[in-house]
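In TrEMBL this protein carries:
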DOMAIN    A:87-177  domain 'FtsX extracellular'
DOMAIN    A:202-318  domain 'ABC3 transporter permease C-terminal'
REGION    A:1-21  region 'Disordered'
TRANSMEM  A:50-71  transmembrane segment
TRANSMEM  A:198-218  transmembrane segment
TRANSMEM  A:246-272  transmembrane segment
TRANSMEM  A:292-316  transmembrane segment
Amino acid sequence: MAPNSPRARRPGGARSARTSLGDRLRAWRHHHRDSLRDALNRMRAAPSSALMTVLVIAIALALPAGLAVLLDNARVITKGWDGNAHLSVFLEMDVDEDRQRRLADDWADFDTVKRTEVITRAQALDEFKALSGFGDVLEALPDNPLPPLIVVYPDNTAPGQVEALQTRLNALPEVDNAQLDVAWVRRLHAIIELGDRLIGVLTLGLAAAVVLVVVNTIRLAIESRREEIVVIKIVGGTDGFVRRPFLYSGFCFGFAGGVLSLVLVGTALWWLGGPIDELLNLYESEHSLTGMSPSTVLVLPLFSGTLGLLGAWLAVSRHLGDVEPQF
Amino acid sequence: MIKFDRVSKRYPNGKDALRRINFELPAGQLTFLTGHSGAGKSTLLKLIMMIERPTQGQVFVEGQNLNGFSTRQVPFLRRKIGMVHQNHQLLFDRSVFDNVALPLVIAGFARADIGKRVRAALDKVGLLNKEKLNPIMLSGGEQQRVGIARAVVNKPPLLLADEPTGNLDPALSAEIMDLFHDFARVGVAVLIATHDLSLIARHRHRLLTLREGRLIHDGEDDDHGA
């Protein structure tokens, strides 16, 4: 053997260190577990700043999540309203009560009409007095100003059908105006659809905000752990090894923010639940406020965690290269 | 163990840090690297650690040409190199044990194995009873020995030291040098960058001297007969 061959002089104890694949896999798993624990410990070590980050994320997510719940409720409530679509057919003032009843009976026999309902001028006046509180004003008038009314419930509430019926009734000489009361429901639906889109835009914007918050938090974490990163790099830590604790950190911030946002939305719904149910009762709706669906409860924290992960990834790939060993 | 073949390094600012450096370090040899600050000592160490890459020429570690290493492979090269710093580079948020264990954790050693190897390394530098302490509670000499334990814990074939005795008094320096001798004796190639001339004078070893990026002296006056 050559005089300066390492083997010639090395006693048994100085074998260069080797690791088996199994050991490395186990170590890799351990490092994942340690990174997660480390991330949680660091959050616990600086609870106020961690809480700030988590709160910002939670609020940013609670906003679209809460709006989505309200919108879902609005959609459920208004779903049945199309079924109640009816035409309010105001007759000419000179149509008397008998004629009004005969017209109502005639129209009830139309193919496309389910039933009709007569509201005489006197009934209308009574109802108006009771509901509006302007009774005294009406008393002062010489004549009842309210026209006779027939409410027509169509058989088929498909938009085209109802409008055809409206045109047909409007053409009659006794009819002053046949008004489709479903228009505002349709508008409401359109508004709800718009709301859906707005929530989409809002979610996109606020998700970006969550990512940026995490980017900033992780950037500061990298800055404060600069020495550790340098040492890890010097003793042969791979980029993955360096990155891992920060990625877990980002995920934890996101996940915690997601969970907290559920709590915020839940609290807000509980707070609003009473008044909203009362309001719905006033509209004779049997619907009561429904909360978040189980899938939302499951998906929101994971979605938020993913955003955190993304933020951490961006921060790490942007800033980890800046930290290089120097001597 | 290490071979420099006509290695030059020019930094982007135009400064030539190293010019056509040739030398070879065999296993089991302790070598001093000296020169004024700015002479290129740090750059030379950085090339071995692949913190920098040469502008020209080739650096070999264990016969492997570093020019063929991708960025991804750099960590695996560094696992073969123990690095001792002047300022120790210890982490004060964890115990002495955890500091020394770091290279093993990174390399993926089994837990039980880590305990054994860390204690062996700490025993070697005489700090076995301090494993649970935070390094901040240790003296400068002890901190340096923790740094050395960390550098050798995974038994690298190559040990680099950058001013390892810079902040230590002569007695402590001698202790540290004794450790380096021991590692060289078991086959480790040891390269010590220093401008501590008294340290060099006390130990007659091969001496590489740099001036303005050139290797102006390669003294073969060591006592290992390399």
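Quick reminder: no glycine exception, Cβ is built from N, Cα and C everywhere.
Listed by sequence, the residues of this chain that lie at least six past the ends of the transmembrane segment (A:50-71) yet keep a Cβ under 8 A from its Cβ atoms are 42-44, 192, 195-196, 199, 202-203, 206-207, 209-210, 213-214, 217, 253-254, 256-258, 260-265, 268-269, 290-292, 296, 300, 304, 307-308. Within the chain carrying the transmembrane segment (A:198-218), a Cβ under 8 angstroms from the stretch's Cβ atoms is held by residues 53, 56-57, 60-61, 63-64, 67-68, 71, 246, 249-250, 253-254, 257, 304, 307-308, 310-312, 314-316, 318, all 6 or more beyond its ends.
Summed and averaged per residue, pLDDT over the domain 'FtsX extracellular' (A:87-177) gives 83.
Summarised by DSSP class, the composition of the domain 'ABC3 transporter permease C-terminal' (A:202-318) is 101 helix, 0 strand, 16 coil. Look at the domain 'FtsX extracellular' (A:87-177): DSSP puts its residues at 42 helix, 21 strand, 28 coil.
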